[in-house]
Structures are given as C-alpha cells and as structure tokens.
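Visitor: As annotated by Swiss-Prot, signal peptide applies to 1-24. Taken from Swiss-Prot, the feature active site applies to His167. Per Swiss-Prot, active site, nucleophile is recorded for Cys209, and the stated evidence type is similarity to another entry. Feature annotation from Swiss-Prot assigns disulfide bond to Cys242-Cys256, Cys420-Cys450, Cys432-Cys467. Positions annotated as N-linked glycosylation site by Swiss-Prot: Asn326.
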Amino acid sequence: MATTTATTSLLALLLLFLVALVSAGRDLVGDFLRLPSDSGNGDNVHGTRWAILFAGSSGYWNYRHQADICHAYQLLRKGGLKDENIIVFMYDDIAFNSENPRRGVIINSPNGDEVYKGVPKDYTGEDVTAHNFYAALLGDKSKLTGGSGKVVNSGPNDHIFIFYSDHGGPGVLGSPAGPYIYASDLNEVLKKKHASGTYKNLVFYLEACESGSIFEGLLPEDINVYATTASNADESSWGTYCPGEDPSPPPEYSTCLGDLYSVAWMEDSDRHNLRTETLHQQYKLVKERTISGGLYYGSHVMQYGDVGLSKDILFHYLGTDPANENLTFVDENSLWSSSKAVNQRDADLVHFWDKFRKAPEGSPKKNEARKQVLEVMSHRMHIDDSVELVGKLLFGIEKAPELLNAVRPAGSALVDDWDCLKTMVRTFETHCGSLSQYGMKHMRSFANMCNVGIKKEQMREASAQACVTIPANPWSSLQRGFSA
C-alpha cells in the first residue's frame, strides 16, 4: 500500500513538473527526442563539427573556385561552426587581383553577397598543396609545410565535412602548388583517418571534371564516408554565372562566378532550415539542377561510399542559419533557378575572349589580351597533338584512338598501378611540358598506357620523338613543378 502511495505521489510530482515546463513554453517533443548532435549554438554535446574547404586553382580566370570556397565558409559560419574548426585552403590571389573590378570583394552569384570578408588564411599561396591537405585531414601537424598549422584535431564522435572545388581529370584533382591530388592517395588518406578512430561520419562534396573517378572503385562503403561528386567518372563539370550566359555576372566581370554543382548545394543550404533536410534530399535536388541542361550542358551528380549516411540531416555537418528556422525543406518548392553553364575546361577561354572583346582596338590591353588568347590556344593544341602522337607511336595509327580513350566498366578504378600513372605523367611532362589544368583531361590516356603494360622507357622514347620542343608560354612551363 505504501509503495502504491509513493508511486502515485511521484507521478503527481512528475505531472506538475511537465505542466510547469509547458507553461514556460518548452518544446517537450524537441527536448526529449532531439538528436544527439542537435545543438542550437552549433556546439554538439556529443561531438564537434569540422570542415576543410579546398580551392585547387589560382589565376583570375579561375575566380569561381575560390568564390565557391569563400561562400561555403560563410555558410558554415552562419551554421554555427567556429573558425577554429574550419580549415581553408585557397591561393588567395583573387580578391585583390588587378583584374577584380571590386577590390577586396568576392561574389559567388550575380546578385550575391560579398563572401571574402573574414575567411581564414590558413593555407594560401604555395602552401596550398596536396601534402598539406592530407596532413591537415589526418591531424598531423608534424607533416605540415607552412600555413597556420591548423589541422582537424577530431575525436571519435565528431562529424567532418570536406568541400573541394577546382579542375580535375580522370583520377586527379588540381592543386595550385606541387603535384596534383591523385585518387589513390586521397582514398588511402581517408582510410587512414578512419583507422585512427577520430571521426564518427565524414561527408565529402567534390566539384571537378571527371570527379566520379576519384571515388569509383576506390572508396570503401564501410568507413563512414559519404561522397557526392559534380560529375561521373568520364564527363566534365560546369562553371556557371559566366559572361554571355543567363544569368550573367555584372558587366564589369570577365569571368565565371561559380560552379553549377557548387552553387546548387550552397544556394539550397542558404535557403532552408538544415535540421529539416537530409543529405539525400539535397543530393536529389542538386542532381536535378546540375543536369538541367540535358544534351547541351550539365553533368550527372553521383554518390559513393556509405550511401546509408545520406539519411542524416545536413545540420549534423553544416549546422544551420538561425534566420532559416521557419524555412522547412519541401521538395516541390525548394527555390532553385535554372542557370546556363560553361564546360569547366572552356571557362578560361570565356575569360580571355571576354577580355579581348572588351579591350579598345589598338590599345596595349587589346594586344595583351590577344597574346593571352593565342598562348592558351597554342598550349591546348600542343597538348592534344602531343598525346595523340605519343599514342600513335606506342600503339600504331589505327589502334591508338581506341586504346587511349577506352573507358573501364562502371565500378572499376581508373588504373591498377597508380605509381605507373604518375610515372607516365612525369615522363610525358619532362619532354612535352606541363599538362596544366587543361591537360588533366588526358589522364585516362596515360592510365590506359599503364593498363596495357607500357613501360617507362617506351614512354620516354615516344615522348621524346613527339615533342622536339616545349612551347615558350606560361601554360607549358614546368616552373611550378611536375603534376606527379
């Protein structure tokens, strides 16, 4: 009887407590059912959000990549992430570039906000390297060369978000200083990070041409990594908000302001309470917007790794802007606008041609712009012709096109021997000059040489015959070193 009375009294006290909470305006459902990582101030009780933002290019003609990264930084800060947990890699030659019509300002869309202010200068200039990227992700300060020294010092309950934007090619991603990021190396770093037990889940958003090849056949499904890419393994990604397109940048700009996949996920994130939107919902929305051009432009957004993680809400990785608290995600009214786009590999041509078009006739600016157009076109012709001739010397005139352009079955990695691929690239560049951002498109040809057993000495002889001289222009110069 005493036990029954005590139980009744306890229930009565609990009821009074709940009534008091309701009277105080508390959200009982939210309080009792809130997810472990839900925290209004962005500091997760059971873990920390970390982010690495990497712009892999330099040069004003590549404005859009650093604009993407700066936009992502502002989005994460509004979402509640702290500067100490956001690591930024960007060459930082855009905001105060002499060609920038708005000195000290970077925008990511025609009517967009200024996104450069406040962005941390963690790794800039020649410190933006694949080597430092890997060290920062692994939390290994001893392996850093230059930079702020900031690394992902994460623990087992933490969530990590990585966003990369730049040019790419089959199996590679660009880096403005030092060798490129190779798919095999990147995936090994991700596996090493998982083996260290220093994160709960990791999400990787990747903007680059042939970006699907970075993870296809390489990224395990059991290391708690979910990745989406701007394109599949054998197609270009696309720049957007470009001169002459609709919508175009303000008339004083001669360069694309953003990339189609990148602005798609960020403009969606800017407009919603990310507690109500999952990674999968955003993937579907971005996929639809990025392919909207059909046969004329656009690419196929892909997903890799632990696809089961896509059920997570974006809030776990990006936080959410308190101003969007009432902007619940709904598939039918997600406020995205169609925008024309330019193939990533041709976006620099858009810039140089726009400069030439706008320069006064007979002026020094006109002559300089003409020189730049001719140099970039000459370099492209040299690279294309040289790779084609190397192929003919190795395989014969009839077989070369098929062997150089062969695409492996879906789900297969680009190449079996990644060290061989690096050797082929370095040997070619020794005799023919830098591949540069444009030449990354030929990585599949070099990979196929490895896949059929071509040796370094054969490649050396063919490259030496194909390239008697290296063109004297900045694109072909090896001043910045080899790509491998």
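The backbone N, Cα and C atoms fix where each Cβ goes, and this holds for glycine too.
Fair warning: this is a prediction, and the values are worked out from it, not measured in the lab.
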Visitor: Quick one: of the recorded positions His167, Cys256, Cys420, which has its CA closest to the CA of Cys467 (disulfide bond)?
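Guide: Nearest by Cα distance to Cys467 (disulfide bond): Cys420.
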Visitor: Measure from the CA atom of Asn326 (N-linked glycosylation site) to the CA atom of Cys256 (disulfide bond) and give the result in Å, rounded to a whole number.
Guide: 33
Visitor: Within 10 Å of the Cβ of the residue listed as 'active site', how many other Cβ atoms are there?
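Guide: Excluding its own Cβ, the residue listed as 'active site' sees 28 Cβ atoms within 10 Å.
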Visitor: I'd like to confirm something. Which of the recorded positions, His167, Cys420, Cys432, Cys450, has a Cα closest to the Cα of Cys209 (active site, nucleophile)?
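Guide: If we rank His167, Cys420, Cys432, Cys450 by Cα distance to Cys209 (active site, nucleophile), first place goes to His167.
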Visitor: For Cys242 (disulfide bond), what is the secondary structure state per DSSP, taken as helix, strand or coil?
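Guide: SS state of Cys242 (disulfide bond) = coil.
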Visitor: Per residue, counting other C-beta atoms within 10 angstroms of the C-beta, which of the disulfide-bonded residues Cys256, Cys467 reaches the highest number?
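Guide: In terms of Cβ crowding, the pick is Cys256.
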Visitor: Just to verify a number: CA distance, Cys242 (disulfide bond) to Cys450 (disulfide bond), in angstrom, no decimals.
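Guide: Distance between the two Cα atoms comes out at 38 Å.
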Visitor: Are there any residues at least 6 positions away along the chain from Cys450 (disulfide bond) with a Cβ closer than 8 Å to its Cβ? List them or say none.
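Guide: In sequence order, the residues whose Cβ lies under 8 Å from that of Cys450 (disulfide bond) (at least 6 apart) are Val415, Asp416, Asp417, Cys420, Leu421, Met424.
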Visitor: How big is the Cα-to-Cα gap, in Å, between Cys432 (disulfide bond) and His167 (active site)?
Guide: 21
Visitor: Give me the long-range Cβ neighbours of Asn326 (N-linked glycosylation site): same chain, 6+ apart, Cβ under 8 Å, in sequence order.
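Guide: The answer is Asn273.
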